Amino acid sequence: MTATVPDAVRTPYRRSGATRFALWAQRLGWRHVVMWVVAAFAVFPVLFVVSAALNPVGTLSSSQLWPTGASLANAQDLFQNTPFTTWYANSLFFALTNAVVTVLLSALAAYAFSRMRFKGRRVGLIGLLIIQMFPQFLAIVAIYLMFSNIGELYPAIGFDTRWGLLLVYLGGALSINTWLMKGFFDTVPKELDESAQIDGATHAQVFFRIMLPLVTPVLAIVALLVFISTINEFLMASVFLRDTDAKTLGLGLYQLVASQRNANFGMFAVGAIMLSLPTLTVFWFLQRYISDGLTAGAVKG
Amino acid sequence: MVASSSPDSAGAPSQGAPARPPLPGGRFAANGSIVGQLVKIALLSLFTAFGVWAVLPLYVAGNWWGIGLVVAVVGLVYYVYLSKRTVPAKYLVPGVVFLLAFQIIPVLYTMSTSVTNLSDGHRGDKDRAIAAIEAFSVTRDPDSPEYVLTVATTGDPDTGELVFLLTDSEGNAYAGTDEGLSELGGADVDQAGKVTDAFGYTLLSPAEVNARSDELQEFAVPTRDGAGIRSSGLSSAFEGSAIRVYDEACDCVTDTETGEVYTADNDRGAFYNEDGQRLAQGWQVNVGLDNFARFLLNPTFASSFFGILLWNITFAVAVTGLVFVVGLAVAMTLHVPRMRGKTFYRILVILPYAMSSLAMYLLWRDMFNTDFGLFNRMLGLQVDWLGDVWTARAAVILTNVWLGYPYMFLVATGALQAIPRELGQAAQIDGAGPWQAFRHVTLPLLMVAMTPILIATFAFNFNNFNAVWLITRGGPFSPDNPTAGGTDLLITYTYRLAFSEATAQYGYAAALSVMIFLIVSVISIVSLSRSKALKEVDR
């Protein structure tokens, strides 16, 4: 658009050039101005965190909006002085496993709700909506008390273990996700799986070979949403994981800037970028599904 | 394909199930493929192995109800997956088991906890409270038995429950918990009598013991009636007799030194003296709706509760409204056929949505920092952004708008594309200005798709724990009310009640959870009944 302005100015007929510019400003020019303002608002914290990550001094008070130097000192600090790799592995473990298993569990349920008619179907669907209104973290006190007892019987799934927290997360697998998927399953023509069944396919074959490939977009979206929410989950994790080595990256970063927020800021900035990287990557690959998937979810409630 | 006897069957699939021709795959066909069968067998054996793993500790602990439950679940799974009539259940069981175990049972447990006084001083039953009171009040007599003490834990060195590993003068080793003393077999004891290794226990290093010295002070092992073991220093312990003695006849505890009598109040779960002072160790009792009544009727708590509720609703409405307006405005701005750099703008504008919100909350918090924060340094100010109630609230809202509007932008873009452009053009031909066309044509159509999203966004933000906790931790706090902060949401307030370091008030926190549930349900049911989500059930 910067190229457009000189063009308009260079035109021999000044008056018509000005008119054209005025017209352009009225139709598109202001839109660019608005977008620059919004983009600046959107980008400046990201710019700040990148610049802080590269800042050789590594303190909050020395970090500028625009990078003043480039060094990997902060990254080195983070890798050497904190259990960063363990934290990162924990975060990725929770996010990936939860996303995969949740997608599987809710797709199974959504298939049953979409394709089969059985006693309790209506109650089940409405029940899922109601349970959804009592978010799992509201029961955090009860979960804490439950796992104090479970941990004594089964140390493998008690506090500070991966499997225990994962089990809690999976408790929320059947939820609004099931509704979202059911809505999408409903749009797949019934004739497809009916004809497959007539050809002798079992219900399991129909589900795995015919339905799942057709509903990939919604699977991708649900996986993305679960992935993002797990990686950003703080409340459950903070109650569950108290050991330094058991923490997720989010908890670790919180702890890092809780006591020494000025001094550790450079390390925090590196960690923040690392925490955002998986999401950014997944986002990039799923870009084309996201808009449609979210809108589909919107209409389906 | 096996040849069919009737010539018309190939072209006429309408004959119904009975006329189904024999299937390929031999006798396995009816049950699915061989691979499917093998997977099923493998999964069922894996599940059985889990069942056995789950039963063993229950058997050791003698928990027969637990064993019955595990056996029932395993039996149910076998029934569902081996029967041919339970097809829907085959798809529902895996998710439902998790749902029941980790969501529905905790919800019910929360509800039952909300009518008890369960809190830090009220954990066990009355007998345990009496044992703790007596053990805690022991003093040393001239002939008190001495023990060499090694402090250990069964869990994490920083947080696990304390255990006293004790060796008496004859070299016998014992393990003492707050429930009593038991013999310790197979422990390594050094010359001085210190336990150096014991199976199942983590020994604490001197530094770790030091870090938990406060807890050590309050730890006592009840032995027999009226006696207990307490530590004297970090490596020795003594068994003394209790000053405070329980008498069943009057259901009271008497302090033999001061002569004070503490009578049991079985409604409140603690021992009180005549002046109304209570002993620290109480027990869990049912208090009915007292927890709810306190929030609604007690002037101090009610003002905190309703103040927080008002701000909670304001916060959710403000964030939802602002992200909607900003997101829609950006979507409208980009919604022109020929505009250069659209993709470029799009990527920049949705960037906040793709960043980790947890890290970004902490980043914004640090940008608002008074001394080192970016805002104060760039603007040359010394404003304590998060220290004043109103600037803190503005900061929290601003941060959430930054994180939330890209989502609205994506949704609004999708919704706008679904509206035919001709409608707006027709309105303009009829003489409507751009604003009128938007207000009366585009917006109503847009709202059809956007309303459920707005409801969901509102519900999400109503309980958006991270949004407040990671920025302000609920603060700033006024000196006269240190429990309810200026930016506290109900959920952060609940969390502080339940897990604050001072006293863990699980009963109150559970009552608050139930109230949040009621508030959110009312809002959601009213709005759901207006949207068409429920109609889909019957499709």
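From the backbone N, Cα and C atoms, a Cβ is placed for every residue, glycine too.
Remember, it's a predicted structure, so these values are computed and weren't measured experimentally.
Listed in TrEMBL:
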REGION    B:1-21  region 'Disordered'
COMPBIAS  B:1-18  compositional bias 'Low complexity'
TRANSMEM  B:38-56  transmembrane segment
TRANSMEM  B:62-82  transmembrane segment
TRANSMEM  B:91-109  transmembrane segment
TRANSMEM  B:305-331  transmembrane segment
DOMAIN    B:309-527  domain 'ABC transmembrane type-1'
TRANSMEM  B:343-364  transmembrane segment
TRANSMEM  B:394-416  transmembrane segment
TRANSMEM  B:437-460  transmembrane segment
TRANSMEM  B:506-529  transmembrane segment
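In summary, the transmembrane segment (B:305-331) does not lie against the transmembrane segment (B:62-82): fewer than three C-beta pairs, each 6 or more positions apart in sequence, are under 8 Å. Sequence-distant contacts of the transmembrane segment (B:394-416) (same chain, at least 6 residues past either end, Cβ-Cβ under 8 Å): 315, 318-319, 322-324, 326-328, 330-332, 334-335, 349-354, 357, 360-361, 364, 368, 385-386, 442, 446, 449-450, 453, 457, 461, 464, 467-468, 471-472, 487.
Long-range contacts of the transmembrane segment (B:437-460) within its own chain (CB-CB distance under 8 A, at least 6 residues past either end) are made by residues 316-317, 319-320, 323-324, 328, 332, 404, 407-408, 411-412, 414-416, 418-419, 423-424, 427-428, 520, 523-524, 527-528, 530-531, 533. Remote same-chain residues near the transmembrane segment (B:62-82) are listed as 40, 44, 47-48, 51, 54-55, 89-90, 93, 97 (criterion: CB distance under 8 Å, separation of at least six residues from the stretch ends).
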